[in-house]
């Protein structure tokens with residue numbers, strides 16, 4: 001699967017495809033916008049443009065009749081038409097603005113929904129900052145394109161074509177001269193647009209990379225500070241800031257040159273046309289009123305042509321955003337509801353000859369087989385990096401085995417819907433995730449239905465967490481801060497255990513939390529875990545000797561393989577490495 005720079009290269013290589021009408025329409029359809037607003041906005045823009053096109057046509061006879069006096073009524077009508085055109089154009093801008101906001105709202109909702117349904121392996125290879133950039137910057141770029149650039153380009157093209165049509169009716173020779181000059185201007189525009197397209201893609205990719213680095217450092221700000229790594233973090237970001245600066249300079253040069261070059265080309269063309277018009281007047285082919293009317297149409301062209309050119313520039317800049325969003329929405333996501341619903345209680349969990357590797361990298365697990373009988377405790381022990389946590393990831397179905405299968409009561413777990421499976425699995429890790437919000441919100445996170453305060457206090461009791469929650473100023477409504485920074489490590493663990501009690505899982509997975517806790521917190525957490533394990537099928541990554549001794553079966557894992565299994569006393573007698581590991585590595589619990 002292509003990610004990061006590979007994705008950027010892939011998009012750059014297919015820029016034309018990604019900005020094609022087919023892909024663009026696909027992206028807009030995904031947003032499900034309010035098409036009525038778009039239609040009303042475009043129609044209002046068309047009406048405003050048509051009114052604007054009528055004004056120069058009315059000026060022609062008005063000027064030619066000045067020799068017989070000023071017609072106040074016609075002058076007032078011309079002014080009224082200008083005001084009417086401005087009013088209708090304002091209405092069009094407002095309606096299209098609302099349309100654009102509806103598009104970006106729906107698109108962000110769709111992109112966010114897609115992100116949270118992507119498999120875990122996607123997030124292993126894409127920085128969160130890049131994902132945030134897709135959600136914020138790329139969607140805004142698309143909104144600007146469809147709410148501003150496209151409608152303005154549409155009305156400008158209408159103004160351009162309408163002006164040319166009326167000019168042909170008024171004086172075809174002068175208009176023909178302009179039609180000959182237009183391709184010259186387009187030849188000047190083409191290389192500029194190509195350069196703008198390249199800058200736009202590079203800018204979006206660099207910005208996403210910078211946001212990824214910033215998000216990573218800020219999310220781990222305590223590590224940054226405790227490690228005195230501020231200089232390192234600044235230097236790491238400095239390269240990306242400098243890269244963005246260089247791209248910004250190129251973009252500034254591009255934006256700075258774009259308008260003057262286009263305006264110069266337009267003015268040279270217009271000057272030549274005006275000179276030719278004066279010549280036609282001098283030969284009696286054209287009247288002064290016709291020339292003034294033509295000049296007003298030319299003023300329309302001066303405004304319309306740069307707008308059309310800017311549209312192509314914005315389209316070029318948005319090509320990277322459009323490509324990334326389209327590719328993201330095309331990613332295969334997890335299907336939560338596909339499969340059977342099965343009650344896991346009282347059923348045997350088994351793994352048979354399971355292998356696993358991340359993509360094409362070195363194999364992590366080799367020929368893993370184990371069995372967990374109902375209500376039994378299965379312990380996984382072994383040196384760090386052996387693959388114990390990977391087994392848990394496979395059980396949570398974050399990844400698929402590359403060989404072998406995992407079954408429940410003889411049935412492959414892939415046959416069970418993800419939602420049903422995960423709703424019956426509970427996991428408490430060494431550093432359990434706590435979300436920003438209240439204690440109440442964290443306890444009920446991911447659960448449907450209403451829970452009374454009594455329900456919550458009951459699970460807090462079971463997790464030995466009631467006392468510290470009662471002592472907090474707002475109790476269940478206390479804010480715990482981002483990632484639970486306002487509470488201690490032991491308190492976070494006990495809240496996670498209380499959350500697991502509330503979920504009432506049929507299969508429990510534990511990564512014993514001992515290393516980062518003081519002895520008192522560890523004792524409280526262990527009591528809560530012991531209570532949680534009762535009456536459930538439990539798989540535990542063991543760090544305590546008491547857990548090893550109490551386990552119904554132990555699997556010793558080293559370098560991705562099970563090298564021994566059995567009860568504690570059996571392994572001590574038959575497995576020298578296990579005996580050494582127990583004596584040197586495990587915490588002795590009371």
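Quick reminder: no glycine exception, Cβ is built from N, Cα and C everywhere.
Here Swiss-Prot flags 382, 383, 384, 385, 386, 387, 388, 389 as ATP binding site, drawing on sequence analysis. Summarising the annotation, Swiss-Prot assigns domain 'ABC transmembrane type-1' to 38-317. The domain 'ABC transporter' annotation in Swiss-Prot covers 349-584. Per Swiss-Prot, transmembrane segment is recorded for 35-55, 79-99, 150-170, 176-196, 261-281, 292-312.
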Positions on the same chain near the transmembrane segment (150-170), where near means CB under 8 A and six or more residues out: 41-42, 45-46, 48-50, 52-53, 56-57, 60, 92, 96, 176, 178-179, 290, 293-294, 297-298, 300-301, 303-305, 307-308, 311
Dominant neighbour of the transmembrane segment (292-312) in 35-55, 79-99, 261-281, by Cβ pairs under 8 Å: 261-281
Per-residue pLDDT averaged over the domain 'ABC transporter' (349-584), given as an integer: 82
Lowest local Cβ density (other Cβ within 10 Å) among binding-site residues: 384, 389: 384
Additional residues surrounding ATP, by Cβ distance to the 382, 383, 384, 385, 386, 387, 388, 389 centre under 8 Å: 557, 558
Which same-chain residues, if any, lie at least 6 apart from residue 387 (ATP binding site) yet have Cβ under 8 Å of it: 356, 364, 365, 368, 557, 559, 560
